[in-house]
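A quick write-up on the structure given underneath.
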């Protein structure tokens, strides 16, 4: 096998090596068909088994039953910024949105473009999105409360979800889906672009409660209506079969290799602690998120100067530590440590950071 680096890119991101190896082994002959998964019909029995297995595994991991539908939708999380209000926000009602960064800002913008009424229930923009708000001004009559569970750019994450007094939470979980157990009774809909934590790019997983589906707005274009996907098992048109196959393998890895979401959460906390403990003991590395809002998925930090940050990224890359440059909108550095990032990768990064501080501090 050719050399592989430790991939800290924010998305598309690292996949479990065992998943990549299984894809490699089956790529030319999928399930004894004599065809690649990229050639198999989405109407075939072999692919039907894949998509059904993926749905079953998601439900098992999250502990949900037939009161939820699991959908595979194209267009990424960005399309969900519009699909959510199109389907779930009736005329004459408003929705609560909590603004914690770039992606929730975009979700608010798309909702307003549709002429829908938005109540910004809280925002952390006053301090450049460095924290998760604790005080929310929620409307008890809102159609839903929209939350971005993890903020990849600023490195913040909801540690606990708010009590919305029965109003369903709609959450963009693109960057922390299936990284920890969830109390699914709080959620009406979860959406997650695949390319950060559950697979390659090309599909957005939507987990939606049946009661929201049943009262969803009608008169929408077919491809923008959740009901279309729910009624067709996400096979209304040709889905990205390869991506869904890879997602199914990642779900299998989560269940059978990791042992479920509680164990995944424990591993993720241990990984993040190695980096945050380093920050807390150093005056050279400074985390950008408030301590009580730190993300377990995206660890953002600054060095004493931009020149040092540039050198840090360059030298890290030479040491097979890739993808550590911060988002172009904020600069700095960022280590994305999703489920698939190994403890060995984190330790290699910590060792490099200590040596870089020793020689440049």
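Backbone N, Cα and C define each Cβ position, glycine as well.
Not measured: the values here are computed from a predicted model.
Annotated L-glutamate binding site per Swiss-Prot: 43, in sequence order. All chains included, 9 other C-beta atoms sit within 10 angstroms of the C-beta of residue 43 (L-glutamate binding site).
In the three-state DSSP assignment, the secondary structure recorded for residue 238 (pyridoxal 5'-phosphate binding site) is coil. The feature pyridoxal 5'-phosphate binding site is assigned by Swiss-Prot to 77, 78, 103, 152, 172, 195, 237, 238, with sequence analysis given as support.
In the shown protein chains, 29 other C-beta atoms lie within 10 A of the C-beta of residue 196 (N6-(pyridoxal phosphate)lysine). Taken from Swiss-Prot, the feature N6-(pyridoxal phosphate)lysine covers 196, and the record attributes it to sequence analysis.
Taking the Cβ of residue 172 (pyridoxal 5'-phosphate binding site) as reference, residues of its chain lying under 8 Å away and at least six apart in sequence are, in sequence order, 77, 80, 103, 104, 107, 146, 147, 148, 149, 191, 192. Rounded to a whole value, the Cα-Cα separation of residue 238 (pyridoxal 5'-phosphate binding site) and residue 43 (L-glutamate binding site) is 9 Å.
DSSP assigns residue 172 (pyridoxal 5'-phosphate binding site) to a strand.
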